[in-house]
Amino acid sequence: MLVERAYAKINLTLDVLRKRPDGYHEVDMVMQTVDLSDLIWMDVKESGIHLDSGASNIPLDDRNLAYVAAQKFLQTAQITSGVTITLEKNIPVAAGLAGGSSDAAAVLRGLNRLFDTGYSVDKLAEMGASIGSDVPFCVYGGSAVAKGRGEQLTRFRHNLKAWAIIVRPPIFVSTADVYGALTRDNMSEQPRSQQMVDALLRCDFEQVVGLVTNGLRPAAERLYPEVKEYADRLSSTIGQPVHMSGSGPTLFILTPTMRRAQRTYNAIRGFMKEVYLCRLI
Ligand code: ATP
């Protein structure tokens, strides 16, 4: 039996460049891991894949990315025994935080250890790409520029100390619908990822905050006006810029110190139910 942590991500930049002939959108984004995590216990079982979770809002069959990852791993490694997977969900579901992708990545890492298969991290990331666009990033974690569908990664390391207060408004957002609602005006010819990487490498917090961008936000706010209402309310209450992660509805605020993060967290706790204080890792 072993346990793996599956960390959430936020997007520090997200530019949509164009729609591709295969239906996917070409993106350019800076992905950043935060220390909000699911916990995944894995053990060997005689046969089959048994997925279990206390969370009632996720499927436990082959619609769950953790399950798909186990299938993929066992098949690739030609392992005939089965596994039990127990998922403790702490990352909000369908929130733009890559919770499912991160669970899949953690299952790949965990089963590699459990069966002592010896696959490299790169091999696990390659396996992950067939499960979902965000899975390769989640296999590595940390910071990366992601291009293509999000699976082409250039990883980098920075030493900026920063915290994120993550707020999940109680709104259902469909990622497919948000992408579907993009107009030409929402596409970008000049992605900001390189400027963001430079600012992170310089540990320039103010510049990082000034560069945070999300090309999906106008479409998400058009489709779901409540996203904008929550963002405006948060921003006027705390007097700081409020950003959106992925296709939403999750919003986040960056702070340069733990003290400020705690103050912001306390201010928001009064009127929002789902608030998380995390560190960029
Ligand atoms: P992304 O940021 O990559 O778009 P997300 O954070 O918006 O992902 P998830 O939490 O991964 O979204 O959930 C999206 C959908 O995937 C949910 O509707 C859920 O039913 C399904 N899903 C499949 N596997 C999982 C999982 N392990 N955890 C959460 N949701 C999962």
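Numbering starts at 1 and runs along the chain as it is shown here.
Glycine is treated like the rest: Cβ placed from N, Cα and C.
Heads up, TrEMBL stuff is auto-annotated, nobody curated it.
According to TrEMBL, the active site annotation covers Lys9, Asp134. TrEMBL lists Pro92, Val93, Ala94, Ala95, Gly96, Leu97, Ala98, Gly99, Gly100, Ser101, Ser102 with the feature ATP binding site. Annotated domain 'GHMP kinase N-terminal' per TrEMBL: 64-142, in sequence order. Look at TrEMBL and you will find 196-272 tagged as domain 'GHMP kinase C-terminal'.
Recorded features from TrEMBL, shown on the structure.
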{"residue": "Lys9", "record": "active site", "DSSP (3 states)": "strand"}
{"residue": "Pro92", "record": "ATP binding site", "DSSP (3 states)": "coil"}
{"residue": "Ala98", "record": "ATP binding site", "DSSP (3 states)": "coil"}
{"residue": "Asp134", "record": "active site", "DSSP (3 states)": "coil"}
Where the C-beta lies under 6 angstroms from ligand 1, the matching recorded positions among Pro92, Gly96, Ala98, Asp134: Gly96, Ala98, Asp134
Position of peak Cβ density within 10 Å, selected from the binding-site residues Ala94, Ala98: Ala98
Pairwise Cα distance for Asp134 (active site)/Gly100 (ATP binding site) [Å, integer]: 9
Local confidence of the prediction over the domain 'GHMP kinase C-terminal' (196-272), expressed as mean pLDDT: 96
Fewest-neighbour residue among binding-site residues, criterion Cβ within 10 Å, set Pro92, Gly96, Gly100: Pro92
Helix, strand and coil counts within the domain 'GHMP kinase C-terminal' (196-272) (DSSP): 46 helix, 9 strand, 22 coil
Integer Å distance between the CA atoms belonging to Lys9 (active site) and Gly96 (ATP binding site): 8
Residues within 8 Å of the Pro92, Val93, Ala94, Ala95, Gly96, Leu97, Ala98, Gly99, Gly100, Ser101, Ser102 Cβ centre (excluding the ATP site residues themselves): Ala8, Ile91, Gly246
Lys9 (active site) to Ser102 (ATP binding site) - Cα separation in whole Å: 8
For the recorded positions Ser102, Asp134, the one whose C-beta sees the most other C-beta atoms within 10 angstroms: Ser102
